[in-house]
């Protein structure tokens, strides 16, 4: 990446920038990116494997909500490295103990699931923190898209593996043991590579550091003020981000939790095959998300705000169209249902260039807090989506599934319209106190005295 490309991809306020040394930049930020992706996948996989094994074996959302505030405080005071690694150990231990202690008493199972939820609470704050510190302004889309693929990569791995192990001589317990061991391995690797700041990492060359910090304000890089929670929460553009995220997340929950059930009820797939079939749409979404995140950084000629609106409209609007089409799939049309579900799920991948990227551009060094609210929203969607579906699905008929898809399509369209209205690519004034004028949608209703 050249300095010219960085300038094109940046929406920051012009600041004195370090000159990028002539030596070839290293790739430590990509090692951090990949290792973090594996850790996030492991955290989510430990949740997904339970959601699937309930199909073949006779509290985590609450834990994830309760864990958000301690995670935010922990990241601000002791750094992401300690907090995220602790969550990795917690998820490994709780996942390993589920098949051992859960059969003994229901309350033991609830406690373990709560602990698993606490560890899951670090996912989105980690995405925000790593994007703000390790990604250059010209690679925000790539990093935010790649780091938010854990919902897809976890399903791609866990659904087929759980489906095979559930019907194998090893049984459902092996699903949890395998996932726990993987968690220990990937978090150990991550801990050896990661530092809270690129400046503190001995593996980072001066050229790579200069590239990461290019065009970022000194306040974002070096100064660590108290997070302006009220200013962030009272900013209209941030409301748009959260509303767009909620629409996306509630529909994603529909796919992740209920796609095996739909493929079984309507498509006619057996339980042991639903894992592989349901992994196809999320595999496609993973590929689309990586393409969307990278392309959103590279496309020039239109404003960054316009790109955010276009990508988000594809993510939520196009997905809504395919969900409506799913409502007309007839009994036994498993292949057609799988194709439409794949297309609907794939379109969600464009959110990496939509509300997710908008969050990084608007909130900059405070993106961990904005993304932490995403964590609460995903937990809320894990509760709301099943309530909606269970209130409609009584017999699992085609007519009932049609209503389920129509309701979620409507939610997507409304949330996308609100996001497009409030979206902007400009940094909010609370990210840089030298910003004196900002658009109304980017100006907090509450402004702290500086």
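Counting begins at 1 with the first residue displayed.
Placed from the backbone N, Cα and C atoms, the Cβ positions cover glycine too.
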Annotated transmembrane segment segment (source TrEMBL; candidates 238-258, 427-447): 238-258
Candidate ranges 16-36, 142-162 [criterion: TrEMBL lists as transmembrane segment]: 142-162
Matching range for TrEMBL feature annotation, transmembrane segment, among 270-288, 289-307: 270-288
Stretch of maximal Cβ-Cβ contact with the transmembrane segment (368-389) [cut-off: under 8 Å; candidates 107-130, 142-162, 238-258, 309-329, 335-356]: 238-258
Recorded stretches the transmembrane segment (174-195) and the transmembrane segment (82-101) touching, at least 3 CB pairs under 8 Å: yes
Cβ pairs under 8 Å between the transmembrane segment (335-356) and the transmembrane segment (142-162), at least three: yes
Leading contact stretch, 82-101, 107-130, 142-162, 238-258 vs the transmembrane segment (401-423) - CB distance under 8 Å: 238-258
